[in-house]
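> I have a structure here, written as structure tokens, and I will follow up with some questions on it.
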Amino acid sequence: MIKIGAHMPISKGFDRVPKDTIDIGGNSFQIFPHNARSWQAKLPTDEMATKFKREMKKHRIDWENAFCHCGYLVNLASPKEDIWQKSVDLLKTEVEICRKLGIKYLNIHPGSHLGTGEEEGINRIARGLNEVLNNTEDVIILLENVSQKGGNIGYRLEHLKRIIDLVDQKDRVAITYDTCHGFDSGYDITKKEGVESLLSEIENLFGLERLKMIHLNDSKYPLGAAKDRHERIGSGFIGEAGFAVFFSFKEVQRVPWILETPGGNEEHAEDIKKVSEIIEKYRIEVD
């Protein structure tokens with residue numbers, strides 16, 4: 001069975017997320033642990049956490065298919081010490097929110113070096129992760145590949161490997177692969193040999209067992225455009241046929257697919273249906 005869902009709103013409470021996930025045809029989800037555009041974050045109350053866990057059990061959502069995503073302001077690669085420290089402090093709180101809710105994974109973008117260079121940025125990210133991980137417990141940080149634009153670190157998977165090499169608690173770091181970001185950075189998943197090359201690179205750098213989530217997004221721009229614009233499934237330059245190639249790999253099927261496509265719950269329900277239609281149309285075998 002395919003594990004699929006979307007980034008879900010928390011405006012009506014954490015406890016609404018499991019049911020809303022089922023309602024859009026999903027069995028997996030990602031959420032922000034707080035207002036993503038704020039440096040402020042607070043732990044959920046005991047009652048909120050209990051309700052959330054009860055709804056998870058009621059709707060039979062596997063904890064391996066539940067993810068949090070860090071806030072937009074976090075930048076562990078920042079050369080500005082105040083921003084770096086605020087990012088570290090916020091990530092610590094986000095980890096604690098995950099722990100209280102029972103969510104095992106916190107996804108982050110590595111960050112932007114803001115012109116100071118990749119090596120310095122990678123060192124700052126690793127220093128920040130060590131500060132976070134050495135002062136928290138349990139939750140696994142997922143490093144996401146990003147688009148090749150600005151001073152972003154992580155547009156090559158090798159960047160993520162260099163970060164992990166500098167992290168003390170390597171067992172608490174894994175990766176997320178974003179299909180739009182990868183396509184935007186030159187990883188062509190529309191061809192069999194492109195997917196084979198990608199999976200081989202992941203295996204050689206990290207081991208495929210470290211791939212915990214796929215952000216399933218089409219791309220509004222062509223291969224290698226470095227624009228970072230997500231598109232609805234099948235409506236972008238990856239397209240139905242391209243996703244059919246990607247979906248056909250068993251290594252891809254074993255990982256939860258989380259939509260971050262434009263729109264809200266209604267559009268995400270349509271995109272989940274579109275994924276099913278692609279699987280059926282191209283007669284893709286699913287375990």
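Just so it is clear, glycine is given a Cβ too, placed from its N, Cα and C backbone atoms.
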> Starting from the Zn(2+) 3 binding annotation in Swiss-Prot that includes Asp228, His230, which of His159, His181 is the extra site residue?
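Given Asp228, His230 bind Zn(2+) 3 in Swiss-Prot, the matching entry from His159, His181 is His181.
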> Considering the Zn(2+) 2 binding residues Glu144, His215, Glu260 given in Swiss-Prot, which of Asp171, Asp178, Asp184, Asp188 is annotated for that site as well?
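Given Glu144, His215, Glu260 bind Zn(2+) 2 in Swiss-Prot, the matching entry from Asp171, Asp178, Asp184, Asp188 is Asp178.
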> Of His109, His268, which one shares the Zn(2+) 1 site with His69, Glu144 in Swiss-Prot?
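Of His109, His268, His109 joins His69, Glu144 in the Zn(2+) 1 site that Swiss-Prot records.
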> Does His181 (Zn(2+) 3 binding site) have same-chain partners at least 6 apart in sequence with Cβ under 8 Å from its own Cβ, and which are they?
Glu144, Asn145, Val146, Ser147, Tyr155, His215, Asn217, Asp228
> Relative to the Cα of Glu260 (Zn(2+) 2 binding site), which of the binding-site residues His69, His109, His230 have a Cα no more than 10 Å away?
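His230, listed in sequence order.
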> Find, for the listed binding-site residues Asp228, Glu260, the residue with the lowest Cβ contact count at a 10 Å cut-off, counting only other Cβ atoms.
Glu260
> So what sits near His69 (Zn(2+) 1 binding site) in its own chain, CB-to-CB under 8 Å and at least six residues off in sequence?
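Residues satisfying the criterion: His7, Gln30, Ile31, Phe32, Ala36, Leu106, Asn107, Ile108.
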> Relative to the Cβ position of Asp178 (Zn(2+) 2 binding site), how many further Cβ atoms are located within 10 Å?
26
